[in-house]
Amino acid sequence: MKWLLLLGLLALSECIVHKVPLVRKKSLRKNLIEKGLLQDYLKTHTPNPATKYFPKETFATVSTESLENYLDAEYFGTISIGTPPQDFTVIFDTGSSNLWVPSTYCSSLACALHKRFNPEDSSTYQGTSETLSITYGTGSMTGILGYDTVKVGSIEDTNQIFGLSKTEPGLTFLFAPFDGILGLAYPSISSSDATPVFDNMWNEGLVSQDLFSVYLSSDDEKGSLVMFGGIDSSYYTGSLNWVPVSYEGYWQITMDSVSINGETIACADSCQAIVDTGTSLLTGPTSAISNIQSYIGASKNLLGENVISCSAIDSLPDIVFTINGIQYPLPASAYILKEDDDCTSGLEGMNVDTYTGELWILGDVFIRQYFTVFDRANNQLGLAAAV
């Protein structure tokens with residue numbers, strides 16, 4: 001009888017996980033390469049992962065996320081806004097907290113080439129006088145805030161605040177394979193104090209657990225998911241290892257060390273790391289990343305990519321990240337990105353001056369290997385080997 005009850009509870013827990021499929025598409029970088037525009041783009045837009053995380057203390061109501069940092073984003077999902085629903089392709093980004101999409105208020109070419117939310121076509125839209133601005137490159141995305149029904153998978157939130165863009169200058173969005181961004185970080189870093197989507201889901205009782213989880217498939221097109229309100233154990237092996245969040249803004253944790261072949265190569269006295277679905281690559285201090293690139297034989301090409309011979313993958317060592325006493329090895333098949341006959345390093349350097357010392361960003365390169373649970377109720381991350 002007890003076993004029947006347990007099985008019933010397990011079945012119930014699976015039923016209340018709201019799964020949102022993600023599709024893997026060509027990144028903005030790949031689109032620009034195909035059109036022969038990447039070199040021109042990089043002359044005026046310099047991707048710097050650090051700018052996504054540290055200018056926010058300077059601006060109380062203006063978000064200063066550098067949108068060039070979505071240059072390599074590949075995983076996208078569909079949401080709808082309004083009544084009747086208007087569909088948008090977005091990045092589910094654990095490294096930011098705002099939801100915004102292009103709108104009919106925007107007349108720039110970048111907006112014209114993407115889906116635009118039309119508030120006049122929604123019977124449930126409520127406007128505000130509040131503004132939103134996100135700076136990037138040579139200009140900024142400016143917009144206004146409004147409320148409407150937002151549907152994410154099977155979850156319908158009837159009172160969600162979001163940004164409607166009015167200007168989107170430059171090439172950053174012209175060829176972007178997404179319309180907007182849905183932030184899943186903590187509300188403390190939300191621009192204009194806008195309540196993040198997941199916080200609203202929980203506050204309104206739309207999910208049964210105050211957590212969400214992410215599975216990123218290595219499949220070229222399908223299989224990836226964001227799961228709201230629960231955990232599906234069929235997407236990982238072994239047990240989840242829990243890591244306390246060290247800063248309740250980003251999904252930031254303390255990492256013990258980074259090693260190769262048993263030798264510590266970085267983060268010798270522990271360091272901070274941010275687990276970020278909105279960052280495609282694995283990012284660390286420039287000196288440490290440069291040493292790793294040299295070790296694995298990667299060298300920059302004319303487009304600034306760190307290329308490597310595909311034949312070397314089988315002979316390269318694991319990069320081991322030790323977190324909360326548990327080792328998380330990253331094999332070369334994970335940190336070397338292969339497309340057709342070309343191979344590039346999935347590692348990227350950045351310099352950040354923080355009071356906590358060196359900082360690493362564990363992006364999609366890491367998350368593809370490790371199923372990740374973002375547990376807001378207990379302010380912790382769960383990690384387990386992905387299937």
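The backbone N, Cα and C atoms fix where each Cβ goes, glycine too.
When Swiss-Prot is consulted, the disulfide partner of CYS271, picked from CYS267, CYS310, turns out to be CYS267. Residue density at CYS343 (disulfide bond): 21 other Cβ atoms are found within 10 A of its Cβ, drawing on all protein chains shown.
Residue environment of ASP93 (active site) contains 24 other Cβ atoms, counted within 10 Å of its Cβ in all protein chains. For CYS310 (disulfide bond), the same-chain residues 6+ apart in sequence whose C-beta sits under 8 angstroms from its C-beta are ILE336, LYS338, ASP341, ASP342, CYS343. A straight line from the CA of CYS271 (disulfide bond) to the CA of SER129 (phosphoserine) spans 41 Å. For CYS271 (disulfide bond), the number of other Cβ atoms no farther than 10 Å from its own Cβ, over all displayed protein chains, is 21.
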